[in-house]
């Protein structure tokens, strides 16, 4: 049995699942039972379509398409852009700001055919051809499966629907999965260019006040032993004040405790985020992320026993995703922040060093000293300092 200090640190991870509890008695302003299109896009005056795709391993993912801007121009010959959110979020996280500040609306108003995808297990993507979220097998996946199944299915679906290669935008975990796929030379035949915001690959220097202690005490592994295959699974509001007090975490600004002190968020967008998130993920996914934090490498899920790894990989150790293998001519745009405690500048530096031989005319690197993790999707000035350069990059490719 865990000792009391270990238990308190374990609860620090559980605190993530109670972000919504830091603001009580709030009625959701986004009735997502109606779908993201109806509740968050059409209300802003945009056309929106709900789509579904099925991955090769049976997960049914929800997508939202914003085919044109508010001017109502047709989709013909418009280039598609696929946006992939990070862990504990879904596609609604891109849509929390007003239209002149939210990236999907900005892309649509600038002539792009915008597609938002939701990762398996989140509210818009709970379906499966044969499994229920109540089945343990439903949660038997990590971000390896997002690389192997979700991302290829999303790319192929958008290509089939539009007839065009696509631009890609990833945030946080949405950058890791893309980089891992590119390192195996996957998806490149369907890709026009990729923009990676708050890029996550190497994670050894993560300094998040909540996530780092949780990793160090193997919290995700302990949750799995306790039978928590889905995380978060239920609300634990009664623990929030206790955990934040005992661990010295300022839960009045929980986003900062998780991802660093954001510079430029507005309060209404923060309220909307904490009302809707965190979204569920597999505990196995959190174990995998914890492994690459502790190891400082980017590799497949480690089953912990040589025999089990051999069964899965035909070798005693997990295969590595070698970032240096990303083809040098793939157009890549990186934007990262100096105050980000998840995509730490030192880890981003390791990633960029792996890409040191990349074609110079195919690589754009942008550094925002004042930005933390969530700024890249919610900052009130991202439309100027991040999305403006991103649009210029897309137009070049």
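Cβ atoms are placed via backbone N, Cα and C, with glycine included.
Same-chain residues at least 6 positions away in sequence with a Cβ under 8 Å from that of residue 172 (active site, nucleophile) are, in sequence order, 85, 86, 87, 197, 198, 200, 342, 343, 373. Positions annotated as active site, nucleophile by TrEMBL: 172.
Residues annotated as active site, charge relay system in TrEMBL: 340 (among others).
The feature active site, charge relay system is assigned by TrEMBL to 373 (among others).
Summarising the annotation, TrEMBL assigns domain 'Partial AB-hydrolase lipase' to 39-97.
What TrEMBL records for 1-21 is signal peptide.
The domain 'Partial AB-hydrolase lipase' (39-97): residue composition by secondary structure is 11 helix, 19 strand, 29 coil, according to DSSP. Taking the domain 'Partial AB-hydrolase lipase' (39-97) as a whole, pLDDT averages 92 in the prediction.
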